[in-house]
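S.K.: I'd like to ask you about the structure that follows.
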Amino acid sequence: MNLHFWWFFTSYLRPIIKWFLRKTTGLCELQRICYGTVSGAPRVVAVERSLNLSRTRQIRQLVDHLNDIADQKRFTDVNERKILKGAVNTVLAVKKINPKTHYQFGIAFGKCVEQIWGYRQLVAEVEHLRKICFDSDICEHERKLYDLWKYLMPEEELEGRVSKQWQTIGFQGEDPKTDFRGMGMLGLENLLFFASEYRAPAQHVLMHSQHPTYGYCFAIVGINLTSMAWVLLRDGTAKTYFYNISRSLPTIRLFHSFYSYLFYEFDKFWVQTKPQDIMQFSNVKEKFEKNIRTMLKNPCSNFKIALTVENV
Amino acid sequence: MGLLSILRKLTSTPERELRLLLLGLDNAGKTTILKILASEEVANVTPTAGFNIKSVMSDGFKLNVWDIGGQRKIRPYWKNYFENTDVLIYVVDSADKKRLEETGIELYELLSDDKLHNVPLLVYANKQDLPESLSASNLAQALGLPSIKDRAWQIQACTAVQGTGVRDGMEWVCKSIKKK
């Protein structure tokens, strides 16, 4: 029934309402959004919806074209200005907007395009990294693993590449390589970013993970959180976070920050829950994910990480 | 949940529920097997912290499959899940020769537990796609399975990431239950 109403709405009511508003305000829908909706996620989401529902041929072509560019990860620094200019000019021409009187619209709309397709490109980038398996024969992979140890355990020397010591930072056995599994290098890069860019908070979380009663496996839980971050990114739930925080083309670093936020918050949640043992992990993770999803549903949610405030 | 589904529930014969326990060392492939059974994507498996559980229908049975993490730290918790187990499924990475002894010790520890007395055993010789992997019969010999006399047992070769062999094992599970 909902579907029928939605179909009726998009096919008949929406165009009528849009026409009426256009005639009365003298502005097209995209202009009304860019002028009337606060910047950040609320505006970007509204522009995205408007573009995706558009039935104008040129707008449809523009959307397909931008999708292609983002999926092929060609939305880069060099091309970015050109692509954005092209997108803005297309909309100005199609909607017959005077660029001189509405120059602000051009700027605001361009920023939305940057976020919408930057996000789509980020999904492709993250997926690419996830598909790269950890390989002991690749020096860079090995180096990153050693770096992770160095950042997490600066006081302790690693006695060998294969060592029981890995279990102190929460890997399952003596060789972490099999633990990355389906998350591949994305899992390692996430952990490494958290450990190196948020040193004090990561140490704080690691310390919690080694608690005799409420402890958990830092690295394994971390890799499971990589999976959560990836799912939230891929199904679009994480858009609120990225659209609100990102000021330019979103990069992989922003995804790592999102991950760091999740890890820090998960640790807090775990400690608050006081689970009986590690066997409660799936339950606790499920509840945590539900909370995060609820937060992300609110377009005004702010995820400014309280990470830096806390001192260990 | 509409009226129809409630009616259907009332009229159909109550399905029999089975409790299957998936155990084995870490990185043996337990979660991948679980996902294959539930027809889910297997490319994004992560190490199991704690356990996963899924219910799947097979051969008129409702299979409640418990997949418990295999790392050493978690193994002490295995025994908390033994109660009322109908079939024990033990997963072995056939290419991990270094830990063959370890996996054997863990298996016999399970078999000697009172709560798992007489419970049929299915061993998956997983990762048959890897070049150094032992064949199912060689693995059965290496683990000394033929000397098991106190229960029905079966070894099944499989490559869980490709989904091959997993369902054949389940057929044996359902058959062995019907025989009981």
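Cβ from N, Cα, C; glycine included.
Automatic prediction, not curation, is the source of TrEMBL annotations.
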S.K.: What does TrEMBL list, out of B:Gly70, B:Gly169, as binding the same GTP as B:Gly24, B:Leu25, B:Asp26, B:Asn27, B:Ala28, B:Gly29, B:Lys30, B:Thr31, B:Asn126, B:Lys127, B:Gln128, B:Asp129?
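M.R.: Same GTP site in TrEMBL: B:Gly70.
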S.K.: Give the helix, strand or coil assignment DSSP yields for B:Lys30 (GTP binding site).
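M.R.: In three-state terms, B:Lys30 (GTP binding site) counts as helix.
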S.K.: Hey, which of the binding-site residues B:Asp26, B:Asp129 is the loneliest by Cβ count within 10 Å?
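M.R.: Each of the binding-site residues B:Asp26, B:Asp129 was scored; lowest Cβ tally within 10 Å is B:Asp129.
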S.K.: Please report the Cα separation of B:Ala28 (GTP binding site) and B:Thr48 (Mg(2+) binding site) in Å, rounded to an integer.
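M.R.: Approximately 11 Å lies between the Cα of B:Ala28 (GTP binding site) and that of B:Thr48 (Mg(2+) binding site).
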S.K.: Rounded to an integer, what is the Cα-Cα distance in Å between B:Gly70 (GTP binding site) and B:Thr48 (Mg(2+) binding site)?
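M.R.: Cα-Cα distance, B:Gly70 (GTP binding site) to B:Thr48 (Mg(2+) binding site): 8 Å.
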S.K.: What whole-number Å value do you get for the CA-CA distance of B:Lys30 (GTP binding site) and B:Thr48 (Mg(2+) binding site)?
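M.R.: With distance taken Cα to Cα, B:Thr48 (Mg(2+) binding site) is 9 Å from B:Lys30 (GTP binding site).
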S.K.: Restricting to the same chain and to sequence separations of six or more, state which residues have a Cβ under 8 Å from that of B:Thr48 (Mg(2+) binding site).
M.R.: B:Lys30, B:Thr31, B:Asp67, B:Ile68, B:Gly69, B:Gly70
S.K.: Which of the three DSSP-derived classes (helix, strand, coil) applies to B:Gly24 (GTP binding site)?
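M.R.: DSSP assigns B:Gly24 (GTP binding site) to strand.
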